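Residues annotated as transmembrane segment in Swiss-Prot, with sequence analysis given as evidence: 10-30, 405-425, 458-478, 493-513, 524-544, 555-575, 748-768, 790-810, 818-838. Taken from Swiss-Prot, the feature N-linked glycosylation site applies to N48, N116, N119, N128, N932, N974, supported by sequence analysis. What Swiss-Prot lists as Zn(2+) 2 binding site is D197, E232, H330. Among the features that Swiss-Prot reports, active site, proton acceptor is placed at E231, with the record citing similarity to another entry. Among the features that Swiss-Prot reports, site 'Transition state stabilizer' is placed at Y329, with the record citing similarity to another entry. Per Swiss-Prot, region 'Disordered' is recorded for 593-713. The compositional bias 'Basic and acidic residues' annotation in Swiss-Prot covers 606-617. The compositional bias 'Polar residues' annotation in Swiss-Prot covers 643-661.
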Amino acid sequence: MINPISFRPGPVTFWTTLIYLALLIPIVIINEKTPAAPKTAEPFKGVNLTEAWLDLTTITRAYHPYNSKFNEEVRRYLLEKVETILEENGASWVSDGQMTTVKDGKSAAVTVFDDNVSNSTFVMGKSNGTTFTRTDSINNAAYFEGTNILVYIRGKEDDEGEWWEADYAHGMRRNAKGLTLVNAHYDSVSTGFGATDDGMGVVTALQVLKYFTAPGHQPQRGIVVMLNNGEEDWLYGAHALGQHKLNPFIHTFLNLEGAGAGGRAIVFRATDREVMAAYARTSHPFGTVIASDAFGLGFISSGTDYSVLVDAYGQRGIDLAFFKPRARYHTNQDDTRHTSKGSLWHMLSAAIHTTKQFSGDTGNTFIGQRPDKAHGKVANGRSSNGVWFDLFGKSFVLFGLRGMFAWSLTLLIATPLVLVGITWLLRNLDKDYFFTSTVKTKEHPEYEAVPIGGWKGFFRFPFALGVAVFFTISSALLMNKVNPLIVYSSRYSVWVMMVSIFYFSFWMIMRGANFVRPSALHRGYANLWLFVFGWIVLVAVTALEDRRRIAAGYIFVFLESAIFLSCLISFVELLAVPRKSSYALQVQEDYDGQEHDHNGYQGFRDSTDEPSLRARAESSASAASPPSPTVAQEPSKSKAPAGTTNGLSTAPSVAAHSSQPQPAPTTPIPGRSSGAPSTASRDENESEDDDEPTERTPLVGGNGTNDRGRTTFATTYRRSITALVHGARKMEEDGEPYDHEQEWSGHLPSWAWFFQFLLLGPFMIILAAQTGLMLTDAVYQTGSDGSKLITPYLIIFVFTVLLILPLTPFIHRVTHHIPVFLLVVFIVTLTYNLIAFPFSANNRYKTFFGQYIDVATGDNKVCYTGIEEYVRPIIAELPSASGREVTCGKSLRRGSTISTCCFDGSAVPPKLGSEDDNGLPEDSYADLITINATRSTKRGDSSRTTARIEITADNTKSCFLQFKKPVSALAIENGSGWDDRFGQYPEDGVGLVRLWHREFGKTWVVNAEWKGSETRKEYDENDGTVICMWSDANTPGTIPALDEALQFVPSWAAVTKFSEGLVEGRKAFKIV
């Protein structure tokens, strides 16, 4: 019966293919399928999924950016919804400013903050101005008036009363255990309905409020549910939180966000291990620390409120977000039609569980002095770095980075020592076959060294790996050169292409090499090379763990651990083979026995006709295994003696049973001195010797002149026969070598490979496949945003290698059927990937829209930004662009592959004012922006000049103020002052100020100051430009250019906003 796990082609092909398919198929299904929502509307008390979905459809009926009328309607709806929830739950609540004490002298369970007061002025970093006011890099600042809604749910252990007021109970402890924030933003972009960005976050936050205000669900520590406004343009709502009186008491947070349009909500990033412990036991965990480290290293530049909460306020928490498909992100397909209740439930269930864990932690996990002692940040204890990842979206692995560092260091130091120790032991036991090519025996030191096949196949693995890597990376580079965006719609085709070529090319080299020179050490050498390469990578991973606190290398830590154990098995299984000296002795004795048999039947033969000991050993090592012993028949001169196979005797020779003595061999054994006569002289005497033996004739053949070249009866007859018989019995007991491999390999356990593959394979396949797919999903549709087009291909390449590596030590045993099939698959997918159009109606290419007007001259341009190759065909479909010149240039705000293409937009003029205009003459926009800029010099200080600039814009909440010369000081009237938590005022001044009001048409008053300005030339340098934004496209005809785009662009294209405003109107001013 065939061993079902023997190291033979059939079992190896079957088990490896089965395990790969059994793991990869579920991983792909899980990656594509969102866990189903509960069938009941109320999965548990205090949560109503149907109600949440209805709220979502209500707030996503129209675009609702901060600078739109519908945004204000959404805000009113949310305030009413909060009140309805509290009333239905019977919770005692008050609005901020009312008395917190209710009946029976108890404090209200809930306080609602309708925040129309908080505002923030802060530095934003550098930019190159706006679209049509390009300058050298200048410092940006912002002034923003918030409209956040905050609901405080009092915890059981919270202080009573209005403890958050600065003058409340002076000297008393003020809610030292802190609060947990649940945050979501209710504004959308101007071109998206915001179902997942961030409508689902908003309705999830409402259900969190509903759950924790339901009877019996009061949290241990207080919870703040915040619905913030203004996140989309520059995280403004989170900046406004910094001015709220609850902010200093928030220790932990859960930020609910959307950077895709459905699917599962992933842990985008997290601050530490302790906050992840709160998330870890959700019903469907999803995420990996790799994503968090990618943010930390700057590989992902997308911003969420998490950045402000952590970097500015020092809070500890989690960013929970939707992240795919990116093609629908910020477009009109971010609606309820293109998402699901399953996605909503995935976020909602995780949010309630995590919030419950945060608020239920009454220990000191999130309390205490900060280790960095940073000024202005909340004292929320000491955190530790963590490592985390999910398995199949059902379980979650979480442990400390410090522990992984110790583990990595142990692997680096201990594992080489263990392998060196095993090698030393094998050498002492005379079983170190890996690094020994030949061996001599003490019994016959004069013999030629016996080859045992060590080092055979040693360099195959790195060569095969190099070839496979070359072909795979070449396919990636070819895609990037010929059709770089095919991954945008066909990422699985790219995955299959790379996996197929890597598998086939690696198999081709390894199988071919093993066919030409079979080696039983092939598998062991592959494991050894894997260990060496893994150890080198682990050095870099360990350094990053220690110096940069990067945990993303956990895959390589697990991989090297598995490789070490597999490598250890390859060394340990050598204990089952005979000693090298024993094997060599057997080969030499078999040789002697064959010499005896040949001469016993055939007389003396020419020494040149007899193969050397090395040739016999090599023949023995490469021939098929012997059959069962049979009774010897008299052989002819041209055939090997019966009872021998592959140069090794399997039955006693006839000489052992003959009543007559047989002639001894005269052929010299290699390595001995020989006095054998020449062929001619031997032929002359042969008949004479055979016919008449004398008293000088030796007992076993030959004659007196050949003494020195002969063995005695004792060394040739008895020892060879015993060894041959023993060898035959031993071969029957221990099995046969496989397909011309070294004969001693028949003693190796044929099942060891299976356990090696179980160590290397399943867990690494899971990690590589699901992590590779997750990272691919995160980036495969970012090329249209300006990201590097090669990035998704490099990710797929790296994880293709990691995916197939566990198979590589055994791949030479796989039958040709699988690799040949994959070669065909590679050819098909390569052809498709090279010629297919990269976009479709379900995977639309995103182009960025903007319209730009000079309100003084009426100059009007419509611009589309993206990859020029695809932007021009899009523009060609627009009626207003027909017959007009289209000019393109590199975009400064996007990547190097992105261009901005513009044409005259006079055919589609926007209607921006409060009242519709008819005809729109050249100067019809002149009254949209009113600027009054006056200068004054400080008394007694002629080196400084100040200016008061008043800006009023019709039907908008947003204008930018850009100066020719940066201002050395800046203040907004009625503003809260400069918030240095976001950075000190720049020494080289501020060149651009972004101004945001919470009301339409309200006037901004900006006080600016310059150094110098004593000459007319310097006065002129103090002039500038005002750029105002209009973003409300809900009423058809308001922005006809956008209406046209949504109607006429090809089905494979989508339109999204380029910047804060769909329309930007600019007007220059002089300070007088």
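Every residue gets a Cβ built from N, Cα and C, even glycine.
Shown here: features listed in Swiss-Prot, placed on the structure.
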residue	record	contacts (Cβ under 8 Å, 6+ apart)
N48	N-linked glycosylation site	A41, E42, Q207, K210
N116	N-linked glycosylation site	T147, R998
N119	N-linked glycosylation site	Y143, F144, E145, G146, A240, Q243, N974, G975, S976
D197	Zn(2+) 2 binding site	S188, V189, E232, E257, G258, A259, G260, A261, F322, Y329, H330, D334
E231	active site, proton acceptor	H185, D187, D198, G237, A238, T304, D305
N932	N-linked glycosylation site	I949, E950
Same-chain residue ranges lying at least 6 outside the transmembrane segment (405-425) that approach it to Cβ under 8 Å: 432, 434-435, 531, 535, 538-539, 541-542, 545-546, 557, 560-561, 564, 567-568, 571-572
Ranked first among 493-513, 524-544, 555-575 for CB pairs under 8 angstroms with the transmembrane segment (790-810): 493-513
Structural state of N119 (N-linked glycosylation site), classified by DSSP into three states: strand
Conformational class of N48 (N-linked glycosylation site) under the three-state DSSP mapping: coil
Paired segments the transmembrane segment (10-30) and the transmembrane segment (748-768) in contact, 3+ CB pairs under 8 A: yes
Considering the transmembrane segment (818-838), which listed stretch of 458-478, 493-513, 524-544, 555-575, 748-768 counts the most C-beta pairs under 8 Å: 493-513
Leading stretch by Cβ pairs under 8 Å, where the reference is the transmembrane segment (458-478) and the options are 493-513, 524-544, 555-575, 748-768: 493-513
Same-chain residue ranges lying at least 6 outside the transmembrane segment (493-513) that approach it to Cβ under 8 Å: 457, 460-461, 463-465, 467-469, 471-472, 475-476, 479, 486-487, 522, 526, 772-773, 776, 792-793, 796-797, 800-801, 803-804, 807-808, 811-812, 814, 816, 818-820, 822-823, 825-826, 829-830, 832-833
Folded-back contacts onto the transmembrane segment (524-544), same chain, C-beta under 8 angstroms, at least six residues removed: 405, 408-409, 411-412, 415-416, 419, 434, 457-458, 460-462, 465, 510, 550, 552-553, 556-557, 559-560, 563-564, 566-567, 569-571, 756, 805, 808-809
Sparsest Cβ surroundings (other CB atoms within 10 Å) among the recorded positions E232, Y329, H330, N974: N974
E231 (active site, proton acceptor): secondary structure state under DSSP, collapsed to three categories: helix
D197, E232, H330 excluded, remaining Cβ within 8 Å of their centroid (Zn(2+) 2): S188, V189, G192, G194, D198, G258, Y329, D334
Conformational class of H330 (Zn(2+) 2 binding site) under the three-state DSSP mapping: coil
